[in-house]
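Take a look at the following structure, please.
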């Protein structure tokens, strides 16, 4: 412990990580470098500078990572139609590897020998931060104060603040939320409080990014998304950067009551936890991406992706973004997207994302073959007979040899 | 061909299959047995008797298969959270193996040597019917008139009717729908017509089972579903049979604008096709089943199911219900459901199915461990350090041996 | 720590676990119950009784688990053709869950609150023992001396023995092997020593169960194995119990130089390790089981098993025998074996296991269809045309729409 | 039919395909272009020229494809450790897409509108040829004489030859083999004859490329293979081209009795068939590739490859080499090989391929961590405790909530 000289801390500017700054300085007698990222969480990051300075921090990093976040993390993930456990769009998970990467880059720049974060010992985020850190700098030390210290109740924490002259009104007078929250351009999440009872309905005033479907406009909103290689490049014909795409979709989706989710999920550390999420833009993207793939992707390519998706999602959820196996899957996924180009038209209405049209110069939809009308010979219906007969052959043989295929 | 003596036809009572009755009698000079099933398609099946009689059919089977359909086909499929290509709930696919089974049972009872159906040579249904038939009676002959005859346009069909005295007003004066449709308790489907252009929005008056979300009530509906071994046994505390469960959910869902779907899907025969579906009850069941599993299913059991689900869905879509591999997967799925018991509370509102609560005597959710509050020692946060370190070890070794894990 | 009253130790009777007995008594001031299992490791287990008594142990369990081991663990695993990382037949892995089960059963019988084992902190066995223990008795304490104590060198261990009057000549005068070994009816394993250099060839005198292929008889041995539901029930027509089957195959295989393996494998704890294994009977069983399945198993059933096998193998390797996901897979595997009946004839010769015949009343091999000669119409070659055309359709469409399927 | 003007035939120069030349000329009244490939089948291809000329063929293609075959087809396949149904190394399957590619290239060069081949309607090869042809030239016509003509017995074939002046002694006086055979650099295969009885042992004089293990040298042969990016580039330090690598390994392997296989396999068209194969070089390559991967590949990368391998093998077996899904998997596989560099040392002895050493500059084997000796702190054994505890957590919770994890 005692030989740590400098530690880079993922610093939000909030009370908890401010306490960590002081606690690291005291406990490890080391220099603390703070790193604050703008990932689109919707709060100013610049105020973190003054707070860090007030805590005696000399090296302060404040980065706008929004474009990198969406371009190199969110978009690649959406190419796979990634959903964890059938529901969760991985809003928190996907931000962690980027933060880990920057922590390590800053450690390398500043000559730090350790990194630190404010995640608890029960959650997934500690795993995601630390797997990333160890992968990118194998000799780094990791300090996870929540696993070490004894400031485990609000009271002891407050006492510590008082003792160390840390202003507790870090939230600017705002009432402390009863929920543990995390936000970035992809989503905002809520855990804890009344959510710890899975039978209890989430309270309406918890949600921050979306209106309730009941409060959304009575008129639907139609939008058109343009895809190039599986990524959205324009909304309603206007070319936009990745982060701007997501910002816009968040606004449009949030206004239409889209993207709320309330689930019980399985954490990597082995427990079940209730979480609520708002992912307005992501929810739209998920639906639209499947729609553009539906006309441009080969059937078996789509099925291969679908079969591997849960595994890919689990890798991201569990924090293995920088692993070889995630990168192998990504190679495959990215390759599959070279024809995923075209437009999707959506109707958004009170929580619903409804696909109403899809078109592409790379479409594999062949009207002349699919039609119920005369297809002018482009498909020979008689081919189906042989197709079926040989697909049936192994079952016919089994049955003719006396196996009863009706029985279980 | 000429040695077929008796054929069992899947007979709807509509114009097309009535033409088939006559065409079979003439072309094969054989006796036709009709089989009409009530699968909850929402139309009377009894009128098919008089129509068949008028066509000279002597052996007429009219069966109410609704309970068998939901109990032995729909429910088992929903235990797997089955979705084809991320969207389709397999409403048509899941009915076909039951029809195939009954066709073969009736062939065995009546001494028929062939079965016949009214599915076209371009679709999936021919495959599903025929794979089932060959699996259950390997020596059966299959007659698929749409792959054989020359009645390929409306005009030639009408001329045939006139020539053979088949009343064309089989629809009782109702205007012929521009869509090809299929219905059963699980869903109603639409193909053809304007849907053949994937960029065209479906017309509002196409939909039959659901109101538009815009027309749904302004007040949400709350319901509570009770699960036993993965199947719903009660709604709002009222114990119901499988078919009745689905009928009720269809009504509730349809009234709340739930379950519309508009997709381009990949058929087994190799083409892409646009389809629209209404699956109100199924859409509710899908969401609710995941919710009850979320608290009762082990994490890795859930993930194993998720990874195998696309494959299971494809088997059903492609018509392999009676195959060994589907039954193997079913063994695994059914086994996993022995603790999937409890209640799910849902809020239904204008197309949205929102889970607001889940509870179970078999819950694996452990508040004392998951809590952000003091857990009284039931979880040792320090365990996470070793957990992470060993999970990271292989990446740390790779990195320390000079591999750059940042690069693609 | 201090509140442990009684601990059940997996006791081999060797020096290391004898030291552990004393160390547990001293360190935890608790009673030690020893459990010694005969798993067919080829050494007498009864002598462990006197050694345990000499160490003051009052409750001594010595069990012959050979039949249970083969019947309930080895055979079920072989039904899946289980191989880890393409090579390893899991000889050590599959014994651990049974030992864990007995440790817990004995803990329950004797009122012990802890279990202990002699596995090191670097290997897989600690994981397998402890996952089993925690799964079957969630509140049990686990003591893993090698992770705790400071007897990490041979010298300190010897000093401890001298100090505590533990006779070091536990091996009865035999020279201590330079390898770390583990043996049971399925295999014997070697690690450590010169094997720690992966470029170094294993020394001939390391191997104990098999002769070198060079030393095996110049005449081949033919044997015939009879399968019922995927398990061997007779050798050369003689009905044998599971353990006796494996004992016999070990003898026959060992005499013919069969079953040596030299690999570098990936441990669950994250490192690569070199291991050498002798699995004479298992190597024969693996080959023979595939052969009987080749004529009795449906194609897609076989492929499904093949695709899931690596996952099943990994679960066993990693110690998750008692997990829900392993049991789900087992349900599926066992179900698939209901027709895996019949005989396999093998030629064994200097390390080679050669299948020379397979037959079954449940065979799906259909000579009349497969023949190159006239098949009397049981297969219509023209069916292949439609089969191919529709299998090609999606690629034909892609190609006709301008995609170049030659390019990567 | 009648509008086919020119057809490219895969022409071996043997009797059957010579009959096809004439039959095509007569039946379709079209010009025939012959294409004969040297794939290393071990027979001269140049004599095919005179034979084709004698049949009036004007455009004759004779290509040496050996290097392309091994470099672009065999090597990529071995990167995946590809085995079909646990046994078959896909020697025939992997040659077909290359032949299909050349058939289409020649069709494009010569303005042909059709291709033809001599494969029967029961086998896999027709599928492989035709899927390739349709994929690469969607409008091409395919003529498969064996599915069309009535020359289905040796007698009718001979009568046809006599009638059309086709010299029947095409085999140069050699006795016609009782087996249907196929050969290329990767293997030679045998089907038919006595092999149609799965209980019958193959006759020793059937095998052509390998000596029986009994006849192999009494002294082992040691070789050293050098890998670069997963492909062998040198044998015993001598740098060799891909085809030369395989030629050499075939010789060495064949001389040591390596690579015989006797199986019943499942064909894509739905039947089981007995096949015998000799794959001496491929058998060595398979074992060696796993060995070099064992020290250079990340664990989860290896496992991902293992889990997808059966699927990749099936794609090749079924003829989908040119499909999108095969190419997606190939992207992933090839990417994984960028560190698969180094040397493997093998001992070959009477049918056995024994790995005796592996080394690499890219090795992930870390002696300092794996050692049983003092590791100087590079691995903290205490980390294992937390690792195990959190891996066990979900089972501990299930068990503590009353589930009995012992029961099935």
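For all residues, glycine too, the Cβ spot is worked out from N, Cα and C.
Note: TrEMBL annotation is automatic and uncurated.
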Taking D:134, D:277 as the options, which does TrEMBL list with D:88, D:93, D:124, D:128, D:180, D:189, D:265 at the L-citrulline site?
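Answer, per TrEMBL (L-citrulline site with D:88, D:93, D:124, D:128, D:180, D:189, D:265), from D:134, D:277: D:277.
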Out of D:111, D:118, D:121, which is the one TrEMBL records at the ATP site of D:10, D:11, D:12, D:13, D:14, D:15, D:16, D:17, D:18, D:37?
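Looking through D:111, D:118, D:121, the residue TrEMBL assigns to the ATP site is D:118.
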Taking the domain 'Arginosuccinate synthase C-terminal' (D:179-397) alone, what is its mean pLDDT?
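For the domain 'Arginosuccinate synthase C-terminal' (D:179-397), the model's average pLDDT rounds to 96.
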Within 10 Å of the Cβ of residue D:120 (L-aspartate binding site), how many other Cβ atoms can be counted across all chains shown?
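Result for residue D:120 (L-aspartate binding site): 18 other Cβ atoms within 10 Å.
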Here the binding-site residues are D:88, D:277; which one has the lowest number of other Cβ atoms no more than 10 Å from its Cβ?
D:88
Return the residues near residue D:118 (ATP binding site) by Cβ distance under 8 Å, restricted to its own chain and a separation of at least 6 in sequence.
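Looking at Cβ-Cβ distances below 8 Å from residue D:118 (ATP binding site), excluding near sequence neighbours, one finds D:10, D:12, D:16, D:17, D:20, D:145, D:146.
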Cβ within less than 8 Å of a chain C Cβ is the test here; which of the binding-site residues D:88, D:120, D:128, D:180, D:265 meet it?
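Going by the Cβ criterion (under 8 Å to chain C), the qualifying binding-site residues are D:120, D:180, D:265.
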Give the sequence-ordered set of same-chain residues, not counting D:120, D:124, D:125, with Cβ within 8 Å of the centre of the Cβ atoms defining the L-aspartate site.
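Going along the sequence, the neighbours appear as D:119, D:122, D:123, D:126, D:127, D:128, D:267.
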What's the CA to CA span in angstrom from residue D:18 (ATP binding site) over to residue D:120 (L-aspartate binding site)?
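So the Cα of residue D:120 (L-aspartate binding site) lies 15 Å away from that of residue D:18 (ATP binding site).
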Does DSSP put residue D:118 (ATP binding site) in a helix, in a strand, or in coil?
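In three-state terms, residue D:118 (ATP binding site) counts as coil.
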Excluding near sequence neighbours, so keeping only residues 6 or more apart in the same chain, what lies with its CB under 8 A of residue D:189 (L-citrulline binding site)?
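The list for residue D:189 (L-citrulline binding site) reads D:91, D:92, D:181, D:182, D:183, D:275, D:276, D:277, given in order along the sequence.
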What does DSSP call residue D:180 (L-citrulline binding site) in the simple three-state scheme?
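In three-state terms, residue D:180 (L-citrulline binding site) counts as strand.
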Which has the fewest other Cβ atoms within 10 Å: D:12, D:180, the binding-site residues listed?
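So among D:12, D:180, the binding-site residues given, the one with the fewest Cβ atoms within 10 Å is D:180.
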Looking only at C-alpha atoms, tell me how far residue D:128 (L-citrulline binding site) is from residue D:120 (L-aspartate binding site), rounded to the nearest Å.
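Answer for this pair: 12 Å between alpha carbons.
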